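In TrEMBL this protein carries:
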{"type": "REGION", "residues": "1-30", "note": "region 'Disordered'"}
{"type": "TRANSMEM", "residues": "71-88", "note": "transmembrane segment"}
{"type": "TRANSMEM", "residues": "100-119", "note": "transmembrane segment"}
{"type": "TRANSMEM", "residues": "232-252", "note": "transmembrane segment"}
{"type": "TRANSMEM", "residues": "313-333", "note": "transmembrane segment"}
{"type": "TRANSMEM", "residues": "394-417", "note": "transmembrane segment"}
{"type": "TRANSMEM", "residues": "463-483", "note": "transmembrane segment"}
{"type": "TRANSMEM", "residues": "489-507", "note": "transmembrane segment"}
{"type": "TRANSMEM", "residues": "528-556", "note": "transmembrane segment"}
{"type": "DOMAIN", "residues": "581-736", "note": "domain 'STAS'"}
{"type": "COMPBIAS", "residues": "624-644", "note": "compositional bias 'Low complexity'"}
{"type": "REGION", "residues": "624-647", "note": "region 'Disordered'"}
Amino acid sequence: MPSDKENQETKPLNNNNTNGNGGSAPSKPKIQPKYSIHRDVLTHEVVIKQTGYAARDKSIPSSLRNCWQSWNFFALFTGVIPILQWLPQYSPRRDLPGDIIAGFTVAIMNIPHGMAYGILAGVSAGNGLYMAVFPVLAYMFLGTSKHISIGTFAVASMMTAKVVDTFANVDDHHHGVLTTAATTTSWLSNSSALADAITSTTSSSLSVFNQTSTFQLFNSTTIANPITKLELVTSLALTVGIVNLLMAFLRLGTLSSLLSEPLVNGFTTAAACHVVTAQLKDVLGISVPRHKGAFKIIYSVIDVIKGVPETNLVNFGFCMAVILFMTICNECLKPRLSKRCRFPLPAELIMVIGGTLISKWLNLNVDYKVNPVGTIPSGLPDPVLPRLDLVPKVAVDSIAIAIVTYSIIMSMGLTFAKKHGYEVRPNQELFAMGIGNMVGGCFSCIPMACSLSRSVIQDQTGGVSQIASLVSASLVVVTLMWIGPFFSSLPRCVLAGVIIVALKPMFMQAKELKKFSKQGKLEMFTWISTFLCVVIIDIDIGLLIGICISLLALYIKGLKPYSCLLGYMPEAPGIYMDLNQHRNALQVPETRIFRYSGSLNFATSLFFRRALFEAVGLDKIPPTKVSSSNSNSPSKGSKTSYSPVSQNGGKAINGQLVESSGGFKVLILDFSMLGHIDVAGCRTLTDVSKELKVRGARLLLASPVDRVYDTLVHSMALSEGPFEIFPTLHDCVEYANACRTA
């Protein structure tokens, strides 16, 4: 019988006599639950017959019939348009005040963020403001998350800028002139008699354009196919939307789970380094060439260092003042004001308005050469279908952008859904993103994502639904209609300072590396390799390398599943524990119990065989060893007694521990944690069974789930096996003991 101390340590979980730390109570419970089962040992075949089990019909007609019967067209319609599900339950008296406050607050943040990230993406500030209107409205009807703030995001803007730098060859304001010049040059290219006309054209072009524009004008590739930045980003948004819709149609919503947390964390942290590097020229007020391809961040930093002597001190001082003001507001003023006021301090908007007024009053653009953001057109853009001929050019980049933006939206959506207790459907999110990107592409928008800071503010200020996004979009429309041109003289260095300060949470993610190092070496290696590859090489190449490393780590973890030998507890029959972890567990005499978790298929069968042979020592037992031990087998009384073993496999004989000879008569495979097996795995079991027979032992299988049992039966119909299968491990052990003592 177990001692009192052992009873206290193994008492049931529902016992209330525990202290605050979850420790054992000083006395035994008044009622100790017990159970006793007396029945015959059952094989799995008997259980199958008695329970009326029938394998699932996997035929195509049956699948189509079940699919048709499960369809509910009304539920399908409301599922595609989720606003129809939550809008009837919306209470204006209860929910509308919080949504109005949250929408107004998010709109205040959307104005500087949209302008800053629009410029970061390589287009105008107005295109960034459009992001706060059209994709937001599409997501409000089709999205399932109630709290995320759709619009611009630093990582998405940086990946868009990479595509712009690669393919765009014409500035937006030169498009019309270059198109005319392209037609003229194409007509004159086959005529050698008009060299003077070409020379005169060159001279006049030099008086109108600068040296870079002239080079672009007479470059044959540029002339033949002019591609503006706006045309490129709208085609990119359309292509990303198409990729999202294809992913939704193929039910690839779980694809985001392949992007592990270390991968996403390291990628976004490294992308923040690219964003800061892109802002250095605006911080210093210098002009540096844009680089393309691998190692561009290194070349950009070198060019910035070379341009430091040409720093515009007024521009640099203004930017440092912006960064200092934003830091003080975020670190000191906002936390204190949040305790007294529901509205957060709109530091970004204050800085944008203040910077615009200072630029106008001091005439910074003319007198001090401080570059402004440029013209912001008033009103909303006209719907224009993006250029479809650019879709093949940006197809590869659009896949990376679609995956990254989807993973960001899903991670944020799941965070708020868990907090507020509702469901976010992955495939519906893909559909909403696809429609939002396609609508945005027709209205001069870049690919959509969601912002961490704006989403948190929308939740903290009382937003309960996407009605807050409708309020925010309405205020941004008002800004575009009447206030947009006011910001045309805003210095770019102000937006650079706003972006740099806003990236602080992304840089703080580097602290998570310590957590990943504790989780495992593969997680830490994934983070470090993804970060270094994205920073040193490039965003898309680094992301691809990070995904490959993450999938490789996943494969390594799945290739080496958990396995162990099990022993029993003398005080509690029917409970079996890992012999390596539980020192007092006893090994069943002349029986080995091997537990295997994971999958047993063509990829893992070799590891399964190696782990099994190492655990039971089957490869070290010659065929004659078991038979000789059988001839000198002990008496029947000694066979029925269990022998205590130490952790290293020794057993007690006459009160002294001696090393086990390794011989056994029965090998039990515990498949209670086996999730999948294929025909190759069944063939491996057949080979193991044959090798055991040569050594005078037999193979028993215990606790397979139904799908594993179906595969085993199917493989036996294909001449594998035969296998002896039992419904529980204890049934299998009792059957082995009966056979051993017979």
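Note that Cβ sites are derived from N, Cα and C of the backbone, with glycine treated the same way.
Keep in mind that TrEMBL annotations are predicted by a computer and have not been checked by a curator.
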Leading stretch by Cβ pairs under 8 Å, where the reference is the transmembrane segment (313-333) and the options are 100-119, 232-252, 463-483, 489-507: 489-507
Same-chain residue ranges lying at least 6 outside the transmembrane segment (463-483) that approach it to Cβ under 8 Å: 83, 86, 90, 95-96, 98-104, 106-107, 110-111, 114, 126, 129-130, 132-133, 136-137, 139-140, 143, 146-147, 149-150, 378-380
Residues of the parent chain within Cβ reach of the transmembrane segment (489-507), under 8 Å, 6 or more residues beyond its termini: 112-113, 115-117, 119-120, 125, 154, 268-269, 271-272, 275-276, 279, 282-283, 285, 315-316, 318-320, 322-323, 326-327, 330, 348, 351-352, 355-356, 359-360, 364-365, 370-373, 452-453
Positions whose Cβ lies under 8 angstroms from the transmembrane segment (100-119), at least six residues beyond its ends: 125-132, 149, 151-154, 157, 342-344, 346, 348-349, 351-352, 373, 376, 446, 451, 453-454, 457-459, 461-463, 467-476, 479, 487, 490, 492, 495-496, 498-499, 502
Cβ-Cβ under 8 Å with the transmembrane segment (232-252): same-chain residues at least 6 beyond its ends: 121-123, 127, 160, 163-164, 167-168, 384, 386-388, 390-391, 393-395, 397-399, 401-402, 405-406, 427-428, 430-431, 433-442, 444-448
